[in-house]
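Peer 1: Sharing a structure here in structure tokens format.
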């Protein structure tokens, strides 16, 4: 039997149909906590627990394939660990629950220990990052020895037993930080060599996470749109909007804002889908064509704390606010 070659136009049609199918999203099996029947490509959905809480499980659709991941509670890592999607059902049957652990450090004082052989230049940049946070905000950062020598030692860092371990360990997730006061010894700030390429900005970003500050692009009032079809700066759960209310306004100049995978839209009247939504929610999935490149150039700066960042940390820890809300609002209007 002889196979006749297919006409070129027919092969192209098959290719187009294949690409359309791959980008058409994922059909979902029934799940007890979700009424969703499909995810669009790049969409994310939590099926157990809450975003940014260790042990929570979310599923996402990438090129027609549904994969589940377990949230480890860290910020900025490249990718969470994939798990069986049935793990969420098992945890629910066992009565397990996730809890918010993003607590504040007692007396606005974070204890730390440097536990890797950083170079002299890297150590200087780490110290510069600390000074860049401490000086304008009023929070404190102490080594364990400084904590133990303090007359307030029993009130600090769980009696100086809890601290952040600042290290540089090979890890597939790259640079990342645990968020907030976890009441444990050695919660991580992992700084890969790339974190030092542009001064102290990335280090400050991770240290603010350790103080409990979230990403700015996930602010409930964020103006940024997520380009889910592009290479993102970190795992997809780093782009899920915060559900809780917050007392400070959205700040596109924040050091906690991503610059990759997000942009400011040309048309602010369009309702764009966030990373947990699809067209079925009455929104438009954004693409790069929707981006205002000039306006978006301010996103992702790592030069230092914005006035909004300073106020956020001061409000979070109930410190005197050297930066007023009007100052922060005025900062929004400064052309870049």
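Cβ from N, Cα, C; glycine included.
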Peer 1: Among 215, 217, which residue does TrEMBL annotate as binding Zn(2+) together with 205, 209?
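Peer 2: Record source TrEMBL; matching candidate: 215.
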Peer 1: Taking just the CA atoms, what is the gap between residue 206 (active site) and residue 215 (Zn(2+) binding site) in Å?
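Peer 2: Given the Cα positions, residue 206 (active site) is 10 Å from residue 215 (Zn(2+) binding site).
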Peer 1: Could you check the binding-site residues 205, 209, 215 and say which one's CB has the fewest neighbouring CB atoms inside 10 Å?
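Peer 2: Across 205, 209, 215, these binding-site residues, the one with fewest Cβ atoms within 10 Å is 209.
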Peer 1: Do you know the mean pLDDT across the domain 'Peptidase M12A' (92-320)?
Peer 2: 91
